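Taken from TrEMBL, the feature (6S)-NADPHX binding site covers 162, 215, 216, 217, 218, 219, 220, 221, 285. Under the heading ATP binding site, TrEMBL lists 256-260, 275-284. The domain 'YjeF C-terminal' annotation in TrEMBL covers 62-357.
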C-alpha cells in the first residue's frame, strides 16, 4: 500500500490530534487533516474537550454513540444479561494482569467474568477476588473440552493479559480463538497474545469482531508482519493504523500512545482524552477489560438496533468508550495519588469516570 513520506506523516499526526471533525464532516466541521486526502477521504478526529453537543445534555456526539450501547438497568434483569466476559491470561509471573482485566470488566458493569488461566495462576486469582470464576485449564490436557463447554455461555473474550508464552498454552489459545470465531464472539487481543498473532495473522485476519490493542513495540512488530516493511517513526500515526487495519481485513486496532488511534480500516478516530503521566503497569489490562465489556454491549446494540444511526462499527464504538474511560480514570487517580498512583487506584475510579463521561443512569 502506498505510504506518505516521513515528514508528511509527522505533519499530519501533529495537526491531527489538535483538530476534530466528524465521519462525514457534517456535525463538528468540514476540516480535513493534511495527508488524509492521500487515502481518499478525511480522517475523523475527535477531541473530547471541544466536540459539539448532542441530545444527551453535557455530552458530545461521540459520547452519545457510546451511551447508546450501554444496557439499561432494571429490576427485571437477570444475571448475565449485562455481559458474561471471558479473560484468557495469567501465568506464573503475571497474575495481576488477568486480575486487572477481569475486575475492569466487572467494575464497568459486566455481570460475570470467567478466567481461563494456568494451574499456577489459578489459586492467587481466586484469592484476589471471590467475584471471578477461575478455570485452571490453559496448561491442562482437558483445556479444549472445557473451552467447548464454556465458550457458548460468553458474550466476548479478552485474550493476552499476563498470558504464558509456553508452547502448550499458545496452542490452547489458538484453539480458543478459532472456537470464538465460530461462535461470532468479539475478541480483544492484548499484550502476550501478540507474539502468537504476529506469527499467525490468519487467526484474526478478516474477523471484524477482533479488536487489537498494541502498545508501540507491539504495533511495530504487527506492522512489519502485516505490511512486510519496517515502521520507522517514533510513534504510531493515523495513516499507519488505518493501513494496517485495512490490510488485516478490517479488524479494529487501538494503537495506544500519547493519544489512542482507533481504526477498522474504514473509519478512524483519535481519542485525546487527557490521561495520566504516571505509567504504572496494568493500565493496558484495564483498557482490555473495559473493552471486553464494551464490545459485548456494542455488538448486542447492533443486533437490537440501538446503533442504527451510528456511522461507526460496533468495535470502534466499543474501543472509543474503553479508551475514554481508561484515560479519564487514570487522570482522576493521578489527581489524588500523584506519583503513588497504581492500577488499583484506577480501578477505584471506574464508577465515577464512567458516570461522568456517559450519563445513562
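Counting starts with 1 at the first residue shown.
Just so it is clear, glycine is given a Cβ too, placed from its N, Cα and C backbone atoms.
Because TrEMBL annotations are produced automatically, they should be read as predictions rather than curated entries.
What TrEMBL annotates, mapped onto the structure for a quick look.
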| residue | record | contacts (Cβ under 8 Å, 6+ apart) |
| --- | --- | --- |
| 162 | (6S)-NADPHX binding site | 89, 90, 91, 93, 94, 95, 96, 97, 98, 121, 191, 192, 285 |
| 216 | (6S)-NADPHX binding site | 235, 236, 255, 256, 257 |
| 218 | (6S)-NADPHX binding site | 191, 194 |
| 220 | (6S)-NADPHX binding site | 230, 231 |
| 278 | ATP binding site | 330, 334, 338, 339, 341 |
| 280 | ATP binding site | 341, 342, 343 |
| 282 | ATP binding site | 96, 97, 100, 342, 343, 346 |
| 284 | ATP binding site | 161, 190, 191, 213, 215, 256 |
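The binding-site residues in question are 260, 285, and the one with the fewest Cβ neighbours inside 10 Å is 260.
When pLDDT values are averaged over the domain 'YjeF C-terminal' (62-357), the model yields 97. A sphere of 10 angstroms centred on the C-beta of residue 256 (ATP binding site) encloses 21 other C-beta atoms.
Considering other CB atoms within 10 Å as the measure, the emptiest surroundings among the binding-site residues 258, 276 are those of 258. In three-state terms derived from DSSP, residue 220 ((6S)-NADPHX binding site) belongs to a helical segment.
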